[in-house]
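According to TrEMBL:
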BINDING   Gly69, Ser70, Gly71, Lys72, Gly73, Thr74, Arg182, Gly225  ATP binding site
BINDING   Arg95, Lys116, Ile117, Val118, Gly143, Phe144, Pro145, Arg146, Arg186, Arg197  ribonucleoside 5'-phosphate binding site
BINDING   Asn150  CMP binding site
Amino acid sequence: MWRRQVGALLLRHRSTPSSTLRHHLPLPVPDQSPPLASNLLLRLFTSQSGEGGDGATKPFIAFVLGGPGSGKGTQCVRIASDFGFAHLSAGDLLRSEISTGSEKGELILNIIKEGKIVPSEITVELIRKAMESSDAKRVLIDGFPRCEENRIAFERITGTEPDLVIFFDCPEDEMVKRLLGRNQGRVDDNIETIKKRLKVFESLNIPVVDYYTSRGKVHKINATGTEEEIFGAVHKLFSSLRDESRRRQAVVDEMINLNEHSSMEGEMRWIG
């Protein structure tokens, strides 16, 4: 309770020139990226957790978006390893269901072959179950939502929304080259299906990016270049968020300690 109240108090101090907290509050992120609200930032790399719509503890959720072949999956693996996130790939969850040979898996397979979007309820339910079983405080959801219907379904079914959205921005010709160069045995990596997937991405996924941009949640990463070059930008972003999260946590702890000290002094004066 105290930490949530103090997190809100930090927001009120942002415009106070005389505040001793002023040095701690600006968030050092790339120019094109918005700052995170104090209460969200405090939960990112500290022990704090938020609450879902039903009052249950919810993790810090980051959607990771980008076209097929943008390299978001590879980068997610490294983010998870370096910064302590659970990595949930919507694509992997769907392929895992396909591998079971279930009726639902057959349905998913046929939809993917046609280059269409898997029904939102199916994907969201797989993600929800994976989030619950991971019991993680920080979660990357890779490749989801792919359309506005996905986004709305996620918020409706889970009762929450992402705290952060990472968008890997990559030119179409680069994505095509990368996809054709893969050798993963995937049935959806032939030239005809690739073109369908890119067309679907452009028409359905970009509006989701635009929506979250309007809400100040999108951090855009230039996804051209080598894997190391791209991760350099990713690492810089998450390092700055982590460092600022820890600085703000220290400010909160200091304020709590000062409050407790003041309360004790007041009690001693009253007793005296």
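Cβ from N, Cα, C; glycine included.
TrEMBL entries are annotated by machine, without manual review.
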Say you check the Cα of Arg95 (ribonucleoside 5'-phosphate binding site) against those of the binding-site residues Ser70, Gly71, Gly73, Asn150, Arg182; which is nearest? Gly73
Nearest of the binding-site residues (Gly143, Pro145, Asn150) to Ser70 (ATP binding site) - Cα to Cα: Gly143
If you count Cβ atoms within 10 Å of each one, which of the binding-site residues Gly69, Gly225 comes out on top? Gly69
Sort out for me which one of Lys72, Arg95, Arg182 has the most neighbouring CB atoms within 10 A, since those are the binding-site residues we care about. Lys72
Check: min Cα-Cα distance from Arg182 (ATP binding site) over binding-site residues Ile117, Gly143, Pro145, Asn150 goes to Gly143
Proximal but sequence-remote residues of the same chain as Gly71 (ATP binding site) (Cβ under 8 Å, at least 6 apart): Phe168, Cys170, Arg178, Ala223, Glu227, Ile230
Write down the Cα-Cα distance for Ile117 (ribonucleoside 5'-phosphate binding site) and Gly225 (ATP binding site), rounded and given in Å. 29
Can you tell me which of the binding-site residues Gly69, Lys72, Gly73, Thr74, Asn150 is spatially closest to Ile117 (ribonucleoside 5'-phosphate binding site)? Compare CA atoms only. Asn150
DSSP three-state assignment for Gly143 (ribonucleoside 5'-phosphate binding site): coil
Nearest to Gly73 (ATP binding site) by Cα, among Gly143, Pro145, Asn150 (binding-site residues)? Gly143
